[in-house]
């Protein structure tokens, strides 16, 4: 009988202590943040009061108006108005300007070359009537059948395009039509653009350029065809009734 009473009292005491600890954790701490009325330093007479009495014409510790420790108008520690540590008016710390300019982050500068290049590329593609500009490629290593042509190509390959113009693959019935159109528009556009800059191409240049661009157009067709079929497979997959039913069920579980 005595043991049961002792056990009950121990249980009650444990519950009371647990409740008190929980309340203490939820209870907000007295006082406030910085400068909310409480004293940060010992020896102050009244709560919320200043350690030193205010003097005429200023805030706490200001003999002549201004920030703390200012004999004249200005920022903290400014004898004549200016940035911190500045003997005379002017800029932020170490330079001209106001006190508020100390830590202003500098605005990122826009690279005007990139903007101009992007705008020019967009104008060219838009002016070609629906053609798109492919990504840059490495110029292929091609053998033309003679040592002279092979050497000429290695020495002048940088003058030939490394990007091709093309239309979506679904507008063509086969690869040959895509490549033929891609080669014609790319060689024509590159020739006109380069000739405008004062550089001319010989017949050998045109011959080599067509071979190089043909290889790049074939590569571009393979990339676009693969991406096109992948998009089509994704559409078919997500439009099938079982997948639609599964997605609807998952949405119902999440919302419900």
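Along the chain as shown, the residues are counted starting at 1.
Placement of Cβ uses the backbone N, Cα and C atoms for every residue, glycine included.
Here's what Swiss-Prot has on this protein:
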REGION    25-233  region 'Interaction with GRB2, ERI3 and SYN1'
REGION    54-95  region '5 X 8 AA tandem repeats of P-H-G-G-G-W-G-Q'
REPEAT    63-70  repeat '2'
BINDING   64, 65, 66  Cu(2+) 1 binding site
REPEAT    71-78  repeat '3'
REPEAT    79-86  repeat '4'
DISULFID  182-217  disulfide bond
CARBOHYD  184  N-linked glycosylation site
CARBOHYD  200  N-linked glycosylation site
LIPID     233  GPI-anchor amidated alanine
Largest tally of Cβ atoms lying within 10 Å of a Cβ, found at which of the glycosylation sites 184, 200:
184
May I ask which of the recorded positions 182, 184, 217 is closest to residue 200 (N-linked glycosylation site) if we compare their C-alpha atoms?
184
Whole-number Å only: compute the distance from the Cα of residue 184 (N-linked glycosylation site) to the Cα of residue 217 (disulfide bond).
10
Using a 10 Å radius around its CB, how many other CB atoms surround residue 217 (disulfide bond)?
24
In the chain carrying residue 182 (disulfide bond), residues 6 or more apart in sequence that have Cβ under 8 angstroms from it:
164, 165, 166, 213, 217, 220, 221
Per-residue pLDDT averaged over the region 'Interaction with GRB2, ERI3 and SYN1' (25-233) comes to what?
69
